[in-house]
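Asker: Below are the features listed in TrEMBL for this protein:
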TRANSMEM  67-85  transmembrane segment
TRANSMEM  105-132  transmembrane segment
TRANSMEM  144-164  transmembrane segment
TRANSMEM  184-203  transmembrane segment
TRANSMEM  215-235  transmembrane segment
DOMAIN    250-509  domain 'GP-PDE'
TRANSMEM  522-544  transmembrane segment
Amino acid sequence: MGSTPTSVTQPKLGKLKVGRQMLLQRYQHQPLVCCLAGLYGCQWRRYQQTLTQPGHCCRSKWECGSFALIVLTFCLSLVFLYFWSEAQNDYNDFDWFNFGNLGFWFPWSLVLLILAVFLFTYVAVLLLLAVCLLSEGQRLYLHWCHKIGILVTLILSIVASSVLSDLWGREWMTVLLSFQVTAPYLHIGGVVLITLLSWPIAFHVFRLNMKVSRIAIMLPYMTAIVSLYLAPLGLKSPCIKDSRNLGSAPALIGHRGAPMLAPENTYMSFEMALAAGADGLETDVTISYDGVPFLMHDKNLLRTTDVEDVFPNWTHVSPAMFTWRELQSLNAGSWFFSQDPFRTASSLSSGQRLQAQNQSVCTLRSFLDLAAQHGKLVVFDLYRPPRGHPYRDTWITQTLDVIHNQSSIHSSQVLWLPPELRDFVQELDPELQQITHEQAPVEELQLRRIARLNIHYSSMSETEIRKYAAANISTNLYVVSEPWLYSLAWCSGAHSVATNAVHILKKLQRPLFLMTPDEYRLMWTLTDITSLILIMMIFMFHWWRERVLAISVNNSSELDNGSYRQFRAELNDVWFLSNMNGSEKHELSL
């Protein structure tokens, strides 16, 4: 006679309850998967989560396209972030460039940096969530809000990179230079990333049945591994050398003084630069309408004076068209606090703030006397006055007159940069040190008696610097304010740099990055070997696990033909007993 629900014994009932609990545990809510799926696709409920089938990691082709878009956006946002973070040396120039075009001051460079960090972090988190979901065997479903966010991030990254490349294309040279310092650390980061990716890749490769699909995944992955492992072979950095071959630190020339600590091109700015340890001073010279050489860089006085308040109708007039008396009536320091170009104004003491707020336009004579008093070198650009200026044709002799007859500086302390009438100047004063922007052949420079090159840091080349040094022609790089860039100039053998940050660079005792070739080879070899071992272990683990699962599946099919069917029937009896007991209790209560 067939068994009835009442014939189930108490021990068997206990076993069935345990079995039922074990089965239900397979469908219980997993906190980790719930959190990942919720953040990635806003799927917080258990029934919304679906395990992947071999070769299917997304719910649809649209979702696969969304994942590919995340990867593309991640790469482009990383490029944008790296590009702009390495351009910090020129943030001040970028902000003033925008000031000249827009007419008002705003720290656009800092805003762009914050935006780049935010966009990259957002995309990186989504990519990490996707990889973790794939590692857990879950299908991907990206919420539409994130799809819009990814698309906006992609567009912003492309537009920002394109605009900056057009307006600030020279910064790409800065990025290339930065690789000479950051490449070893980027290599380690890339190897760590490719090692972590081996887990989800191995997970899906061994679940695929088609060899073509396996090759389609493994081929680009193996290509990336080999490229990363061999990338250090192509790195050439002047900072990979024996410390015994490292020359002395480049001399520091205060670019317009110390513009981070005081208003640029003011007497106080040069005093602060000398106090911070500057070896020389750099400035820009213009001739006033009545023949007084004074210090001014811009084509108008709007940025660094209160000309808009004192002479509101002359805001865009050339500084050379003002008389010296008119120039003296302007305040050349208050703008430093209202605009705070380097965000360093708060570091000044109360006495320094008062002094800075009362700075006026500085004369060339005062500048030269200060340098002579401290025995420092000076270098300056000399701007020719516009047409209609009384000293348009005699601006050079007017400047030389200040050097020879009005100031106490010696001619040998002056690095003469203006290219106009250079032969005339050399004949008039052969003790002036001639300096030029032109990277001409050595023979030509020697013929012109050039003692020093003054070139932009983006043209930095260890080979070129050493070639000129062999001919007793030193090299000055401008404007170098970031420690990593100064370290690279130091390793390249530059003799001096013009800088906005004398007080920062003076503290460096050695380059930030310096190691011997043997140390570098050991570092990247150990990194590659460790990564290769870990990747092999991860692939072997997933191969073993899939093999064990395959055996378990075969065994489960046998159970389904016999004992499992009985277990399922008895489990139904448990459910029937539960329902029957509930009904009896309900009748008794009635």
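Including glycine, each Cβ sits where the backbone N, Cα and C put it.
Heads up, TrEMBL stuff is auto-annotated, nobody curated it.
Owing to the predicted nature of the structure, the values given are computational and were not obtained by experimental measurement.
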Asker: Mind checking which residues reach the transmembrane segment (522-544)? Cβ under 8 Å, same chain, six or more beyond either end.
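Answerer: For the transmembrane segment (522-544), the nonlocal Cβ contacts are 184, 187-188, 191-192, 194-195, 198-199, 202-203, 205-206, 225, 229, 232, 515.
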Asker: Given pairs 6 or more apart, does the transmembrane segment (144-164) have at least three Cβ pairs under 8 Å with the transmembrane segment (215-235)?
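Answerer: They are not in contact.
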Asker: Suppose you look only at the domain 'GP-PDE' (250-509); what would the mean pLDDT be?
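Answerer: Average per-residue pLDDT within the domain 'GP-PDE' (250-509): 95.
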Asker: State the residues, same chain only, that lie 6 or more residues beyond the ends of the transmembrane segment (67-85) and have a CB under 8 A from a CB inside it; answer 'none' if no residue qualifies.
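Answerer: For the transmembrane segment (67-85), the far contacts come to 57-58, 112-113, 116-117, 119-120, 123-124, 126-127, 130, 140, 142, 147, 150-151, 153-154, 157-158, 160-161, 164, 171-172, 175.
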